[in-house]
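See structure below.
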Amino acid sequence: MALFFFVGRYYLRYFFVILIALEFFFVSIDSLQYLDDFVDSANLIILFLAYDFMYALNFMLPISLLLAMVVCYLFLVKSNQYTALLSIGFSKKSILRPILWISLFFTFVYIGLNATPFAYAQENVEKLFKKDTATLSKDLFVKFNDHYVYFGVINPIVGKAQDVRIFQVQHSQNNGVIEKKLLNFTQSKLAYFSHNAWVLQNVISQDLPKEWNLGKAGLKLKSKEQEAILEGFRPKVLDSIYQSKPLISIVDAIESLQILRSQKADTDKIRALLYVLIVVPLFVPFVAMILAYYMPSLARYGNLYIMGFACIVFALIVWGIFFASAQFSVTGIVYPEIGIIVPLALLVIVALYHYIRLNHRA
């Protein structure tokens, strides 16, 4: 326990210093693009800083954990404290263990935050300075059971949609061939999301005839004040499924996955988003295992400056690879399992190999 507090104290000190520095750097650079939009409002500036700090955590937390580990090890080696700990009987694994546990703790906290509105920090930043049209999604086409629903314009923030059209289709099989027949067409100029469903206003419905024969019943027109559709399709779920670069929390992503599976629709994007939110952050402790393996026991065993630079570059490269592969998976360039799970599995194998041999390295 004494070793945990000793190493953990140094690690946490460097972690918070690096994290705060990188956060301020990110927010300072990011604020430049909104500089002309700032108004004389302290509340707006405080909200911007709070949301932008949260948004920056997505990038700065993983790299801060790794950079703090490198700096902590370099300090211990340079001050000969690492050698002293080894000489009194502590193993290299036991010295690394506090760093692994602390990095895992912050990683799980970050994953937990992704299940909350924290995941929408970037969206909140953009809402402060952009007009409502920036948050609008256009031309969404949704399949729900036997209904195909078109949204001309949808605002996921306020739960409002315009120009909604619904096509009810009957599926039948004839000689092994699946046929689709249009039964009903419904349209509405305005819809609101209320009580877990989309409520259409001033609905006009048209029932198509079953047989298109002269003298038979023709087109039937009906009108309603309201009609509820798409139960469970919350605005954010719709926005996350059909946007090219969606922002979504773990809770909304799981709900979206369940809806897509119930409709037998493609789930690649949602699976990729879940992997990005849950799996990708776990690469940090495994990279730490590899870095610890190559850290020298004594300062004279190697050039600490070159070693530190190499470790930082390696950490940045691995972080960049996972960030890029995550984006490729979300945009559909590669399957999420190939783009995210396979690289992480390879990293885990390599990291465990180095961790097992850590105590045997001179």
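Start at 1 and count along the chain as shown; that gives each residue its number.
Using N, Cα and C of the backbone, Cβ positions are placed for all residues, glycine too.
Just so you know, TrEMBL annotations are computer predictions that nobody has curated.
Summarising the annotation, TrEMBL assigns transmembrane segment to 12-35, 55-77, 98-120, 272-292, 304-326, 338-356.
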Tertiary contacts of the transmembrane segment (304-326) (same chain, 6+ residues out, Cβ under 8 Å): 59, 62-63, 66-67, 70-71, 74, 77-78, 272, 275-276, 280, 283, 287, 290-291, 294-296, 334, 339-340, 343-344, 347
Intrachain residues whose Cβ lies under 8 Å of the transmembrane segment (338-356), provided they are six or more past its termini: 93, 96, 272, 275-276, 279-280, 282-283, 285-287, 289-290, 292-293, 318, 321-322, 325-326, 328-329
